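For reference, the structure is listed below as structure tokens.
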Amino acid sequence: MSGFEQLFAGKLPKLVMFDLDGTLVDSVPDLAVAVDTMLAELGRPIAGLESVRAWVGNGAPVLVRRALANHLDHSGVDDELAEQGLEIFMRAYAQKHEFTVVYPGVRETLKWLQKMGVEMALITNKPERFVAPLLDEMKLGRFFRWIIGGDTMPQKKPDPAALFFVMKMAGVPASQALFVGDSRSDVQAAKAAGVACVALSYGYNHGRPIAEENPAMVIDDLRKLIPGCLDMDAEILLPDINSPSSRESIVVVTRKLWMKVIKALARWRWRA
């Protein structure tokens with residue numbers, strides 16, 4: 001039985017919200033290049049791929065602080081140094097994403113959901129300025145009606161504000177929505193919003209098994225959500241959906257727009 005069939009009693013959710021890094025794309029190689037560039041400019045030893053893989057998931061400022069601390073615990077990092085490091089990192093990461101790849105099964109799953117008329121949103125802690133260019137490079141942007149970056153709203157995951165916002169915009173209750181992610185922040189945000197969460201075992205969770213966070217389901221391939229597609233050896237052929245003739249059908253939520261609706265979301269503000 002597929003993931004959707006198990007979670008929604010044989011039906012499909014009306015809305016699926018996705019994380020980006022570690023869920024749809026493996027961006028660690030490019031993030032590691034930017035982190036090491038930052039560390040080298042500051043005269044510090046480079047971190048390397050595997051260290052960066054353990055540090056990602058909570059946004060660029062936290063990643064930079066962890067790199068400067070060379071540890072998950074970054075409480076001792078000087079704020080001025082962190083700001084300097086963040087500026088260098090952002091400049092380095094903005095240059096290119098040549099090593100980022102889309103995970104197997106992602107495009108097939110997104111195409112299938114689009115074909116079935118399921119609304120989709122992207123909610124990531126990645127800084128807003130990097131999200132749309134990366135989605136364009138990976139040819140994933142056309143699948144999402146709503147796109148929210150880590151600095152789009154005053155709160156980021158694990159705060160559920162972005163999930164509440166998207167559900168309100170879509171007119172979909174939590175019982176008919178799903179969040180798909182790979183980290184503790186994703187699971188916590190989904191639980192706080194009352195939304196079922198499917199977690200990917202291949203993503204970034206600071207080196208800890210994502211099953212420890214008790215999501216509704218853990219899978220190792222997005223195609224396991226699709227009815228009839230549990231055989232990973234079977235090729236999945238889906239007709240391409242024509243790209244929207246106008247970008248007006250895609251809503252990229254920006255900080256300016258968010259400030260107009262923040263009062264409407266205030267009653268949903270999560271209290272930790």
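Placement of Cβ uses the backbone N, Cα and C atoms for every residue, glycine included.
What you see is a predicted model, and the numbers here were worked out from it, not measured in a lab.
Non-local neighbourhood of ASP19 (active site, nucleophile): LEU122, ILE123, THR124, LYS157, PHE179, VAL180, GLY181, ASP182, SER183, ASP186, GLY203, each in the same chain, at least six residues away, with C-beta under 8 Å from its C-beta. The active site, nucleophile annotation in Swiss-Prot covers ASP19, and the record cites sequence analysis as its basis.
If you look up Swiss-Prot, you'll see ASP19, ASP21, ASP182 marked as Mg(2+) binding site, on the strength of sequence analysis. In the three-state DSSP scheme, ASP21 (Mg(2+) binding site) falls into the strand class. Counting every protein chain shown, the Cβ of ASP21 (Mg(2+) binding site) has 22 other Cβ atoms within 10 Å.
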ASP182 (Mg(2+) binding site): tally of other CB atoms within 10 A of its CB: 26
